[in-house]
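Trainee: One structure, as structure tokens, below. Some questions next.
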Amino acid sequence: RPEFALGDKTTERLVKASMTQLGIGFKSADAVWEHRKNIARITTGSQELDDSLGGGVETGSVIEFFGEYRTGKTQIMHQLCVNVQLPKEKGGLEGRALYIDTEGTFRPERIIQMAEGLDLDYNNVLKNIVFGRAYNSDHQILLAKDAANIIKEKNIKLIVIDSLIGHFRSEYIGRGTLANRQQTINSHLHDLLRLCDIFKDLAIVLTNQVQSKPDVFYGNPLRAAGGNIVAHGSTIRVYLRKGKGEQRIAKIVDAPHLPECEAIFSITESGISD
């Protein structure tokens, strides 16, 4: 009722006090640097790939791995779900993983192989992976929103979405649906970025598909699906391609603090390695 309304000055003071309490106002760059120095990272299993990422998959960021079929995207996701459980001195975060599978490619058998490759009890490793199968884009978004409710409860340090865009590409068909599709993906990515802001020791890793650009006559005609919306929503983007035999090549194509560079890693029965 009007008699209970707050005055403008009182409202302004309350807003400023809230911003100070939540730490969402201005701060000095050296305070930001102190935070950056303490960012934790998850090893990929490959020292060369870790080095190209600045020490591994960093918390507080959304990291996108994109590439063609059989370039190692899902393999890296599985490996990170195992490695996040390692002690910190071995490149882990001593936490659990949450895996949202949109394409039906999650395989506990592969987790077991990777766990055994690190001399871990695979039963415990499997118990520490919270799994959700997303059957359409709405379900995928719902699972991502629900993740916020269990991150603290279950000590989640890693969220995997494999893959980000598959459902959207199959459900939004034709140019007439493109604007709605991009707006929905944008909202989905912002939900994920907010989780990184709220939970500072959380890493979010996505896989993405590629599409061919027929008008490209020189250079690589393949581009990550999702356009600029996905490009702007990812903190770090890594392009994967096949090498010789079991080797794969990872190229850092976009990151606010890393140079463009390439790393070679291998996919073996035991997992990701140099």
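Here the Cβ of each residue, glycine as well, is placed from N, Cα and C on the backbone.
TrEMBL lists 38-210 with the feature domain 'RecA family profile 1'. Residues or ranges marked as domain 'RecA family profile 2' by TrEMBL: 215-274.
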Trainee: Do you know the DSSP helix, strand and coil residue counts for the domain 'RecA family profile 2' (215-274)?
Mentor: 7 helix, 29 strand, 24 coil
Trainee: For the domain 'RecA family profile 2' (215-274), what's the mean pLDDT in this predicted model?
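Mentor: A mean pLDDT of 91 is what the predicted model shows over the domain 'RecA family profile 2' (215-274).
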